[in-house]
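Annotation comment: TrEMBL describes 1-22 as signal peptide. If you look up TrEMBL, you'll see 118-440 marked as domain 'Peptidase A1'. Per TrEMBL, active site is recorded for ASP136, ASP330.
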Amino acid sequence: MASAAILICSFVLFLSHRPSLAIGEDAQSYHVVQNHNSSPEVVCSSSKGSNATALRLVHRHGPCSPFHNKKLLSLEETLLKDQLRVNYLRRSALKSSTKSQVDDSEASIPAEYGGGEYVITVGYGTPSREQTVTMDTGSDLSWIQCKPCSACYSQQQPIFDPSQSSSYATIPCNSPDCSQLRSSCSSSCAYGITYGDGSITSGVYSHDRLMLSPNDVIEDFLFGCGTDNEGLFQDTAGLVGLGRGKRSLVSQTSQVYHSVFSYCLPSTPSSTGFLKLGEPGDASNTVYTRMQTSSNHPSFYFVDLTGISVGGQQLAISPSVFSSRGMIVDSGTTITRLPASAYGALRSAFRSYMSQYPTAPPTRVLDTCYDFSGYETVTVPKVALHLDGVTLDLDISGILRHGCLAFAGYDGGSFGIIGNAQQQTFEVVYDLGNERIGFVPQACS
């Protein structure tokens, strides 16, 4: 009974005092909690699945965050940042249209709101120095801020000083590791990355010890030692790349963890999840779909989305709608982006189920929103994503966000994105060696 109370309080906090969840068969019922003055109980202990190779994963703005700034983003800020993320992922396909989606004249996101949503804490160097970094499946190269800085943003922990690490070394120009970057090189190998929001990081390509836990230390880990880092990062020390490329953490540790990693994103910022390297804790409960590859985007994780169900009924959407450009699974995008025709079918079915509730004005890409004030209970249809061989019954956090349907449509020839809102509470398993992606339901709360 105590655990149920914790979950209810956590969900109320996430939805800004929106209704909390109880599961039905084809619908989900909410009870609206009216007492907004009570302090929600926050649980920041490690989630199940944690062991020597699992790292605690938290929302960077939630109460379990290691950062001083724990203010959650407004819906407007979340969606603006999310569009910048989508622009970054699609940068090759949106060269001419990025400006029209997020205009520079719009109110910018405050600097402290930049960066990814989920962070882990690792150690760099000898002796080891703690660095809290963003987890990102859409990037290969890991990097942290380093002294001496020509331009560094404010981070909470001391900036890494490579001169104080006895195991640090730069990558020489004639090294095969440097040639992979296709970057300029004078005395040491240089790197540079530009993100979709205009943020940049550049510096020296290096290697040092990476401590994931006291029992898991990676020698000679390749990363960017950033001396010029500008933009919307703030607080975090940098980023850990979990993409499919040769420079990612997954590839660099393939001999140890066999190119397998997983994570579980909690359903609320008041709970914790985990990032794990190696096989999932409960392999018998894992269902897999094929991992697809795109020659245009070799670092991304593509899957076959074949259909969508609402209220237990599969929608009349041709699988070719999804397969024409593919769908990626991304840890850094919040709202799932569906092809316009697929989103239209989902929206129509969802609106039909929700027709008894008053609507609320749309917010950016979220055009199906409701005003639940005055209601003690609200019933919402279940939504499921059908992948090749797998059905994902979404947690409520993947259906509604701030009272809005947590999906958006897109036109054009780019790929779709399964965002982190729809991944929440699943352990998502990336098995690169066997080219498959697995899902374990209810792996964290």
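Note that Cβ sites are derived from N, Cα and C of the backbone, with glycine treated the same way.
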Average model confidence [pLDDT] within the domain 'Peptidase A1' (118-440): 92
Separation of alpha carbons, ASP136 (active site) and ASP330 (active site) (Å): 8
All-chain count of other Cβ atoms within 10 Å of ASP330 (active site): 22
Cβ packing number for ASP136 (active site), 10 Å threshold: 22
